[in-house]
Amino acid sequence: MRLKFTKMHGLGNDFVVVDGVRQPLPENGPPLPAEELRRLGDRHFGIGFDQMLVVQPARKEGVDFRYRIFNSDGSEVNQCGNGARCFARFVRDEELTDKHEIRVETAAGEMTLRVTDDGLVTVDMGAPRWAPEAIPFTAKAEADRYFLVAGNNGYEVSAVGLGNPHCVLLVENVDNAPVDTVGPLLESHEQFPERVNVGFMQVIGRNEIRLRVYERGAGETLACGSGACAAVLCGQRLGLLDDTVTVHLLGGTLQVHYPYSSQDGHSGVLMTGPASRVYDGAIDIPQPSKAR
Ligand SMILES: N[C@@H](CCC[C@H](N)C(=O)O)C(=O)O
């Protein structure tokens, strides 16, 4: 089978976008076998990507598309903020819609994506979930900070769910944060039963942070949209940040807005940034041999 794809990125968090509206794809399960997906995700033996994004037709009224996300380790996940911006740009570039406000169904619920005239995309990431069981995270009670023991060390983290699980550590300087070592240790910490994305946040001021993220199922990426929102939310909850924050990631800058001080539990976190198209391609997917 020949599969057409488009390579895109949001601040260097890179994606292979597969059009399942005009190409036949299985309605459920991965668009291709998990080992094939992992092979294509490999930067030496495949195309290389952090996530594969799948565009599929809507399954209900009031929604424009279905948006599915697969990490490069083959796991399907519910949320990808940078991917959502690329998704919006893709469906407009490909003339699958001419709407500026696009409603998508994800495994975590529905999301609204707004494409502005300057080419940026604002994603309404939904309301944060703080209750440990909603993240999911194992803790006796909800708190601003939790103490985790991993290896021979202890770590103070905040934790929040945004459709996907995040924990955030405060660091003095992201340049020498232990992302490569503590990232994987906490990603698979037993108190996060579905694993977790691990953010390392340096607070510059009440409206500005620097952030590096070790992503679940992908390793450190150049940017993580949901991670940027999670860091801002945790910083707000700790009383360190205001409602609108500029987030500097390795691959560039995002704006995150959440009216934390006046939030009523229903408003969503807004994340704004660019979406870039790199090239189009096609790959031949080997078909499983038929049993005789
Ligand atoms: N890069 C993403 C997040 C992708 C999913 C994440 N690795 C997970 O497993 O939850 C973003 O921009 O939000």
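Glycine residues also receive a Cβ, built from the backbone N, Cα and C atoms like all the rest.
R216 (substrate binding site) falls within neither a helix nor a strand when secondary structure is assigned with DSSP, and so counts as coil. A sphere of 10 angstroms centred on the C-beta of R216 (substrate binding site) encloses 26 other C-beta atoms. The substrate binding site annotation in TrEMBL covers N13, Q51, N71, G81, N82, N164, N197, E215, R216, G225, S226.
Summarising the annotation, TrEMBL assigns active site, proton donor to C80. Other Cβ atoms within 10 Å of the Cβ of C80 (active site, proton donor), summed over all protein chains shown, number 30.
What TrEMBL lists as active site is C80.
The Cβ of C224 (active site, proton acceptor) has N13, G81, N82, N197, G199, L211, V213, E215, L249 as same-chain neighbours under 8 Å, each 6 or more residues away in sequence. Annotated active site, proton acceptor per TrEMBL: C224, in sequence order.
Classification of Y279 (site 'Important for dimerization') by DSSP places it within a strand. Summarising the annotation, TrEMBL assigns site 'Important for dimerization' to Y279.
Around S226 (substrate binding site), the same-chain residues at least 6 positions away in sequence with a Cβ under 8 Å from its Cβ are Q79, C80, G81, M125, L162, G163, N164, H166, N197. Neighbour counts were taken at the CB atom with a 10 A radius for the binding-site residues N13, N71, N82, N197; the maximum falls on N82. Taking the centroid of the Cβ atoms of N13, Q51, N71, G81, N82, N164, N197, E215, R216, G225, S226 as the substrate site, the other same-chain residues with Cβ within 8 Å of it are D50, I69, V77, Q79, C80, G83, V213, A218, T221, C224, G227.
Among the residues N13, Q51, N71, G81, N82, N164, N197, E215, R216, G225, S226 said to bind substrate, no two Cα atoms are farther apart than 16 Å.
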